[in-house]
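**Q** What Swiss-Prot lists as ATP binding site is GLN84, GLY102, GLU103, GLY104, LYS105, THR106, ASP491, and the listing cites sequence analysis. Residues or ranges marked as compositional bias 'Basic and acidic residues' in Swiss-Prot: 904-937, 944-971, 978-1062. Residues or ranges marked as region 'Disordered' by Swiss-Prot: 837-869, 904-1062.
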Amino acid sequence: MAFFSKFLNIKSTEMRIAEKSLKRINDLEKYVINNTDEELRSKTQFFKDLLKEGYKLEDIRDEVFAVAREATKRVLGKRPYDVQILGGILLDLGSVAEMKTGEGKTITSIAPVYLNALSGKGAIVSTVNEYLTERDAQEMGQVFNYLGLSVGINKAQMDPNLKRYAYSCDITYSVHSELGFDYLRDNMVSDMSEKVQRELNFCLIDEVDSILIDEAKTPLIISGGEANDSSSYYSADQFVRTLNNDDFLVDEESKAVTLTASGIEKANSFFRIDDLYNIEHSEKVHLIQNALRAHKVFKIDVEYIVKNNKIELVDAFTGRIMEGRSYSEGLQQAIQAKEMVEIEPETQTLATITYQNFFRMFNKLCGMTGTGKTEEQEFIDIYNMRVNVVPTNKPIAREDAPDLIFATAKDKWEAVGKEVERLYQKGQPVLVGTAQIEDSEIIHRILIEKNVPHTVLNAKQDKALEAEIIAQAGVKGAVTIATNMAGRGTDIKPSKEALELGGLYVLGTDKAESRRIDNQLRGRSGRQGDVGISRFYISLEDQLIMRFANFEAFQEVYAKDAGKEITNKQLRFAFNNAQKKIEGFNYDSRKSVLNYDDVIRQQRDLIYSQRDLLLISNEFEEIIRRMIKVFVKNLVAIEDHKLKSGAYDYQKLVDFLNKNIAVYIKHDFNVDEFKRIHDNELVDKVNQMVNDIYNQWLANAIEKTDQAYIDNFKKQVLLKTLDDNWKKHINKMDKLRSNVNLVQYSQKNPYQIYTDEGTKMFEDLIQTIAFESVLKVFSSPLGEKSLITAEIKNDPLYQQVASTFEYNPYLSISEQEKQLLERYNNVKQRLNEVEQQNLQEQSYKDPASDNLENNPEPKTGSQSQSEHEMVLTPDTVIDPSIDTNQWFEEINIDDFINVTKKDSELESKEKEQEEVKNQETQPKENKPAETKVDATKNQENVSEELKAKEVATVVEEKPKKVSKAKSEKLKVAKKVKPKDLESKEKPKSDKAKKSLAKKETQKPKKPKITSEVKIAKVEKTNKKAKAQDKPKAKVTKAKETKPKTEVKADKVKTKTAKTSEAKAQKVEAENFVNKIVFPKNKIDLKLEKIKLK
C-alpha cells in the first residue's frame, strides 16, 4: 500500500483525520482569542473535569489544540502555523510526523503534549541530548506553566529525589537514554518508594529516527565491574602488534577479523602453546579477537577518541560523544590497551534492555523527524507507527546540486579546499559537513594553509560551544567545519547579507551510511523558504564505496581520471545502491537484535513483575510455601533416586537429603519415615515433612521477634536471591547469544537454538530461585530456639536493659541475644547484691534509738512525706500521675555504681561512730595508760579514740567543697528521713533528745527518693557534706587523750590501710562497670522493685 501511495498520492487515514480536525480547530480559534488570560488558564481544569466525567482525549482534542495555539501566541509571541497544528494532530494519533528542517517541530509538540498531560498520568518528551532537553523545557515550559501544568527536567547523574520529582510533574523532558536507564534502575531497588518513574503513559520522541533507528542496535546496559588481570589484555595487544598483513583477514562489511594459518602459528609460538583453538585456550582466543578488532577495525577519531586519558565512544550518526557508554565483552579493554591508557575492569551485565522494547512499553508513542519516510517500513513493522509527511509552510527554495565524484581522496580534499576558499572570498557562509572527526581535522589543516578563518565543531570541542558556533554559522563570511552533529535540533539563520549572496552553502565531504543522514545535512540550509545550496564531494576511496561496492573495479576504470571530476551517471547510481545496501544491512541487524531481545523480554517482564509483587506484597508466607513445594518436587524428581524399574530407592533418597539439605533445615531424615508410602505419595509426604520443619522454624522466629521483622527478612532473602540469579542468567544469555551463530555451520537456525536453550535456562532459573530461597530461610539463625525465655522477657528489669541495648546490625540475632542475656544477668546479679546489703542494714538496730521506739516524734510539715515523695521497695506501686522520669533524669550510672559499692563502707563507719559515741557517754577514769595504743593489737581491740581518729583521717583525706546548688539540694534532702527510723524519732526524755541530736550531727543521713531530689547526686552530696562537719569534735578529743607521736603513727597506719581498701573497692567497681555497658548519655532507669540506699 505504501508503494502505491507514493505514486498515486493516496493519503493515509491519519492524514485525513488530521485535516478534518484542523478545520474545526481554526473555527474554534475565533472564540478562544476572546478569552481573558484567567479564562484561558481555567480551561485546563475544565478539560480535566471532562475527562473525569468519562470523556476521551479525542473528544476534547479540537478545543484543547485551539487553547494551546492561543496560549503559545500569548506567551511566546508565535502563532503556530496550520502545518504545525496538522503535525501536532498526527502526533496525537500515534504516528511519525516528518517535518522538514526549520518548520518548527518544537512548537508543533506543544499541543499534543498538553492534551496528553491532562490525563494526569504524565507526558514525556524525549530528546537526543541534554542541551535540547534544557532548551525545550525552558522555552516550551513557559506555555505549559501559563496553562497551569508543571514541567520537570530529567538528566543523568541527578539525585534520585530530583528525578522522582521530575517524573511526578505533568510534563517531563528527558534524554532518551536516561529514560531507559531509570527503568532498569527502578527494577533493582529494594523498596517501592525508591522508584523514580511512574506509569509509562505517553512519550513524544524528537528526532525519532535517530533514537529508534540509528541507536536501536545498541542496547542499554547497566553493568558492574569485575576485577580482572590487566596483563592478559596487554599480552594480547603485544602479540597483535607483531603481526603482518598476511597474518589476518579483515571483512570490511561485517568488520570481522580472523587469523590466517601463519597468524595461528605465530600465536602458538608467542603464547607457548600447542593448539590455539583447543577448548582450554578459548579465553585466549577471545582476547586475541578483541585485540585484532581494536587495531584493525576500530580507529581513533572515528569510532572513539582519547580524552582525559580515557576512551570516549563517538556516535557514528551524530558525531557526538556517547557519555557513559563503553563496549562490552572485553573490547573496551582491548582498545584501552591499544591506546596505552588505564585498563578498567571488564564489566558484568546487571540489567539490559533495547530501545525498541523500552519505548514499545508506552501506552502511546509518537515522534517527529525531518527524515523518516525512507524508514517507514521499519517504523510500521517494529513500532506500529506510520510516517506522515507534513507539507512545508513555504515552498523550499534550496538548490540541491549534483554530487561531485573524484577518483582519489586527495583529489576530493583539494577540490573541497578550493571551493571553500572561493566561497569565503565571495562572503557566502559555508558549512562543511564531515562523516568522521578525522575528516574534519584534514579539512582544518587545508584551510589553515590557505589562510581561511574557520571554526571546527566536533566531539572534541566543548558541548557548551555548540549552540554558539551553530548560531554564527549563517553570517556573512562564516566558515564552519562540523561532523554530522552540526545543527541537529538547532537553527542556523542566515543573515540578510548572506541571503543576498545566495544563502547558506552546505558542502558534504562523504556519503553517510543512510540517506536520512545526508538529507539532515542538506536541511541545514533553506529553512522556511530561504535560499541556499547543498552539494556533496565524494571519492572512490570513501568508506561507503569501499565496504559495499566493487570499488577495486571502479578504481581500475577511473584511474586515468585522477586529478579531475568524474561525471559518470553509472557511478552515481553505484553510490546510491551502496547506501541502500547498507541501509538494508543495518535494518537486518536491528531486526536481529530485536528478535533476540524479544526472547529475553518475555523473561524480563515476568521477573520484573514478580519483583514488584515482592515489593508491594505482604503475603510472603504463601510465597515461601509455594517455593517449598517447588523445592521438594525438584528434589524428589532427581533420577538418581530411582531404581532401574522406575521405583524409588528410599535409602538413596534419604542419603541424598541428609547429605545436601539436612544441614540447612536442621533435620536428619530416616528411612523409617518413608515406610508404607506409595511412590505417588512421596512428594506430598516430603512436602509435609518440610512444611512441619518450616512451621517450627516460624514458631522459633516469632518467639525471638515479631511478624513484621520476619516478613522483612523473607522479603530481603527473596529479593536478593532473585536479583543475584537474574544477573547470572543475563550473562549466560549473553554468552549464548555470542556463540549461537556457530550452529549455522551445522545447518541449524541460530535464533531457534537461542529460543529453545534460553527457555530451558529460564526454567532452571525459576527452580534455582526457589531452591536457594528455601535453603536461605531455613539456614537463618532467626529460626533457632530463642535463648531468652518468656519469663525473662516479662521481667521489667529485662525490658529496661533491652530498651538501652544497642543492637549491632552486623551480628546475627543469636549473637545479639547472647550479649543481651549476659548484660541482663550481670545487672540482675549486681542489683540483687545491693538489695541484700539493704536488707542487712534494715536488720541493724541503733542502741541509742531503742528507747525511742515507744514515743515517736510527730512529723512536722517539713518532715512529713509529701504526695510526691516515695521510697522504692519491692512492693511499691507507682502512681501513674507521678512523673517518674523526673526522678532519674540526671542519674549517672557511675554515681549509681559508686553509691552501691560504698554502702558497706558507710555502714561500717556508722557502726564505728556509734561505738565511739557509746564510749563517750560512759564515765572516764584518768588512766594515762588507757590512752596509749598497742600497735600489735588486732583491729577488733582498737580503742574508741583511735576509731574516731580513723574516721576523722578518712574524712580529711579528700576534702571537697559543696556548691551552692548542691547545698540547697542537701537542705531538702535533710528533711527526708529513712523509713525505718520514722517510728523511732521522739525520745522519752530531754536527755534522750540531746543524745539523739548529738547522734544526728555525727551519723550521715540517707535521704528518701523524691520527685524533687535526684537521688545519685543527693546521696553523694549529703554524705560528703556531712562528713566535713562530723570530725571536728572528735579530732579535738583525740588530741586531748593521745600523745602526738602515737597520733602520728596512727594516722600513717590508718591512711595506709584505708588507701589499700579504697584501691580494692575501686578495682571491684571498675570490673563491674566493664561488665555492664550502658549508653554514655543520661538514661531513665525505671527500677520499680529496687530500693537504692
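Residue numbers in this text run from 1 along the chain shown.
Heads up, the Cβ atoms here are built off N, Cα and C, so glycines get one too.
I'd like to know what surrounds each of these features in this structure.
**A** Reduced to three states, the DSSP call for GLN84 (ATP binding site) is helix.
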**Q** Which chain-mates of GLU103 (ATP binding site) that are at least 6 residues away have a CB under 8 A from its CB, listed by sequence?
**A** VAL83, GLN84, GLY87, GLY370, VAL390, THR392, ASN393, ARG527, GLN528
**Q** Looking at Cβ-Cβ distances, which residues of the chain lie under 8 angstroms from THR106 (ATP binding site) while being 6 or more apart from it?
**A** ASP136, GLU139, MET140, ASP206
**Q** Around GLY104 (ATP binding site), how many other CB atoms lie within 10 A of its CB?
**A** 18
